[in-house]
Amino acid sequence: MGLSDGEWQLVLNVWGKVEADVGGHGQEVLIRLFTGHPETLEKFDKFKHLKTADEMKASEDLKKHGTTVLTALGGILKKKGQHEAELKPLAQSHATKHKIPIKYLEFISDAIVHVLHSKHPAEFGADAQAAMKKALELFRNDIAAKYKELGFQG
C-alpha cells in the first residue's frame with residue numbers, strides 16, 4: 001500500500017503550493033468539509049454557529065484551524081509513510097478527546113483533493129491526484145490502526 005518515490009514526489013510537489021498559502025488552503029478545505037458534510041461541524045464547538053460559507057470565510061478562527069490541520073498533515077506527508085511519531089499524538093487526541101470518526105477523515109481527504117484540484121489544476125493532474133489519494137488513504141489506515149489500539153471504534 002506504500003507509495004513509490006515518484007508518487008511521493010508528486011504529493012510533495014503539490015504540497016509546496018499548499019505551503020505557499022496554508023491558511024487559505026486550510027480554510028477552503030474546512031469550508032468544503034463543513035458545507036459538504038454539515039454533520040462534521042457538530043464536532044467543533046467553536047464553529048457550530050457558522051451556518052453559511054460566507055460566515056465561514058469571515059472566520060479567522062476557522063482559518064487558524066485550517067492552518068493547524070494542513071500544517072500537521074504536511075508534516076506527516078513529508079515523512080513519506082514513516083510518520084509513526086507524528087501520528088501517535090494525533091490519533092490519541094482525535095480518538096480520546098475529539099472523538100473524530102474515521103469517516104470524517106475520509107470526508108476531509110476528499111475535500112483536500114477537491115481544493116487542490118480546483119486551485120492547482122496544472123500541478124494536480126490525474127497522476128498527482130491518484131498519489132495524493134493513496135497518501136491520504138495510508139494516513140487514514142494508520143490512524144484507524146491507532147484508534148483500534150486505543151479502543152476507539154471511530
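Heads up, residue numbers simply count up from 1 along the chain you see.
Using N, Cα and C of the backbone, Cβ positions are placed for all residues, glycine too.
Here is what Swiss-Prot records for this protein:
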- 2-148: domain 'Globin' (DOMAIN)
- Ser4: phosphoserine (MOD_RES)
- His65: nitrite binding site (BINDING)
- His65: O2 binding site (BINDING)
- Thr68: phosphothreonine (MOD_RES)
- His94: heme b binding site (BINDING)
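Distribution of Swiss-Prot features across the structure.
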residue	record	CB count, 10 Å
Ser4	phosphoserine	10
His65	nitrite binding site	18
Thr68	phosphothreonine	13
His94	heme b binding site	22
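Annotated pair His94 (heme b binding site) and Ser4 (phosphoserine), C-alpha to C-alpha distance, rounded: 28 Å.
Between Ser4 (phosphoserine) and Thr68 (phosphothreonine), the C-alpha separation comes to 27 Å. A mean pLDDT of 96 is what the model gives for the domain 'Globin' (2-148).
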